[in-house]
Amino acid sequence: MPAFLGLKCLGKLCSSEKSKVTSSERTSARGSNRKRLIVEDRRVSGTSFTAHRRATITHLLYLCPKDYCPRGRVCNSVDPFVAHPQDPHHPSEKPVIHCHKCGEPCKGEVLRVQTKHFHIKCFTCKVCGCDLAQGGFFIKNGEYLCTLDYQRMYGTRCHGCGEFVEGEVVTALGKTYHPNCFACTICKRPFPPGDRVTFNGRDCLCQLCAQPMSSSPKETTFSSNCAGCGRDIKNGQALLALDKQWHLGCFKCKSCGKVLTGEYISKDGAPYCEKDYQGLFGVKCEACHQFITGKVLEAGDKHYHPSCARCSRCNQMFTEGEEMYLQGSTVWHPDCKQSTKTEEKLRPTRTSSESIYSRPGSSIPGSPGHTIYAKVDNEILDYKDLAAIPKVKAIYDIERPDLITYEPFYTSGYDDKQERQSLGESPRTLSPTPSAEGYQDVRDRMIHRSTSQGSINSPVYSRHSYTPTTSRSPQHFHRPGNEPSSGRNSPLPYRPDSRPLTPTYAQAPKHFHVPDQGINIYRKPPIYKQHAALAAQSKSSEDIIKFSKFPAAQAPDPSETPKIETDHWPGPPSFAVVGPDMKRRSSGREEDDEELLRRRQLQEEQLMKLNSGLGQLILKEEMEKESRERSSLLASRYDSPINSASHIPSSKTASLPGYGRNGLHRPVSTDFAQYNSYGDVSGGVRDYQTLPDGHMPAMRMDRGVSMPNMLEPKIFPYEMLMVTNRGRNKILREVDRTRLERHLAPEVFREIFGMSIQEFDRLPLWRRNDMKKKAKLF
């Protein structure tokens, strides 16, 4: 039986899908059929290569050992020509092929690139190391690169689509295109090879699209006629402006007729000089009132130069895109507004744009001693003019003088305490029997205080309820003294220990009568007559009250020297005990004064560097703190011992109970929340501390705080209330700019904020403002 050879003896089969047969040869011998194929893939050098594989594939259908004897193992040939059968009489010789990369002999399949041979595993990319036998590759500087690395390092992108260019390319004006990407700008059709391309400086046009451009109407604008006078421009220079030609003397301002030789401003195709343009169409700066040229900063309906838009608090310019607050004609930084708000909360009094002024008027009996004027928006109006203001405006926007009580606000300062002590206030009993001279002095001082509300530093009081119940009742007051009393007597209440209660500043009598001195400008209080019997009974009651305030119910002799003349009571201490302490205090006080002076100068130097309201606020607090410490050092053992302080002159006079101008305490309502000028919810009554003399200061309401608006806010759609930055959003006059959310319907409010209005009011201020900013209602 004939023996057949295995494939291992004849060679390996290898082929490529993209291979093509370049030559074939058939050899027939006694029933045998042999095919020899040379598989080779050739491409133009310089383009993308596919690995050149060349192998001799021998397909042996049937071999007869008598006709053909194998001479050895058939291997892949690297010769570009077909290897013919070896001569059986000569031994076969194979050339040794070495790999170009590793230098080892090549066995089995070999890749040939041009004249170099590689193992399949050795033919890889120089950069990423990927296999190049299965895909295309590029040769650059003797190195073999894959497509991605070559394009990334040395590739050229198409100017039209941005992709890498391979194969055929089109180069025009130094730019490279794909053939399909180099197209007409107007009709988008690719340019045919050899076609003429028109480039007008921006676009590439084909012949069809470039023909209308040559005969466009623009060429008529550059005619030889002057656009000003209409005559031909012959010899001489022509001025080209506004796409027209002009004589040099015909290019004039449309408004003033001045010949324009330098800069000009065009409006609707007509030239203007800068002066006339600003006068006709210019925009003025709200700060410097000069016309704005160039960049303009717009805030609401107001316009500013970038250098003129400064914060009214810190005087710093606003940068582009910075947030600002607009209040009236002033602009604020958000941080400066917060510091101003804090400073106003710390002030004991607050001034407002709406205040009451007092001017000297007539002093005729029965007429007011001062004429009341109201200041509204920097304009002083007489009360007759105020009557012509609409009712709503009069109630909510200005103060009504007939509802204002001119009650001074007493602080706990050291000067006020000395003044009260000098007026004869008793530390233990407020109202000892006064003398006529002392009472007149007290009365003059109190009237001076109550009538000095129009001064610059005087406190200004707020609006309050315009239906007080106490202001319409007859006013009665019991005034002890040597003068005959007028009006109905009002006995003072007694404590359980039979001691009389004396009114303090916070507990003034509800009914009293003061003789008319022109204080009340609207009505004259009635005068009540007193019968002789009632007068005698009243005199007896007054004596009981008067003498009950002295030891043994006996008034001391005015000529008698007080027994106690020292700060220490009930008896003077020994000098041996208090002497060293007094010396140490006197010596230490001088050192403390020097130290305080040095610290104060250092603080002023540091704080003056902070050119802001916050720095001034800190300086003011430090100075007030030092003054309080200094007053505490000067204070005696007891706040105000009667007839014991040697440096305070003794006096037998006593002051009247504290009262305001018309004698009524301001009615304060605590049943409602109040809103300050920033829209914050605050308590109805300010918390007051007890004064050093044990009395409560007169309660008052802050300036600018009134009863809540009883009118229901109008409801507007959310789109009308929304604040945007793209365009000018004019908010209606009926809308409160600081409380835009109040004009939303309850269901819309809940849909936007996810809560009710009452729940929203209970949130802190920063949280409410943040939610309003997100909803574009801030």
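Every residue gets a Cβ built from N, Cα and C, even glycine.
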(request) Can you dig through Swiss-Prot and tell me which residue of Ser19, Ser450, Ser455 is labelled phosphoserine? (result) Ser455
(message) Quick check on the record annotations: which of Tyr414, Tyr439, Tyr494 is tagged phosphotyrosine by Swiss-Prot?
(response) Tyr439
(request) Name the residue among Tyr144, Tyr177, Tyr396 that Swiss-Prot annotates as phosphotyrosine. (result) Tyr396
(request) Would you mind telling me which one of Lys234, Lys620, Lys730 Swiss-Prot calls SUMO2 cross-link? (result) Lys620
(message) Between 565-589, 590-614, 640-664, I'd like to know which one Swiss-Prot lists as coiled coil.
(response) 590-614
(message) Among Ser77, Ser312, Ser669, Ser706, can you tell me which residue Swiss-Prot lists with the annotation phosphoserine?
(response) Ser706
(request) Could you tell me how many residues in the domain 'LIM zinc-binding 2' (156-216) are helical, how many are strand and how many are coil under DSSP? (result) 8 helix, 14 strand, 39 coil
(message) Can you break down the domain 'LIM zinc-binding 3' (224-283) into helix, strand and coil residue counts using DSSP?
(response) 8 helix, 16 strand, 36 coil
(request) Please give the average pLDDT for the domain 'LIM zinc-binding 1' (97-156) in this predicted model. (result) 82
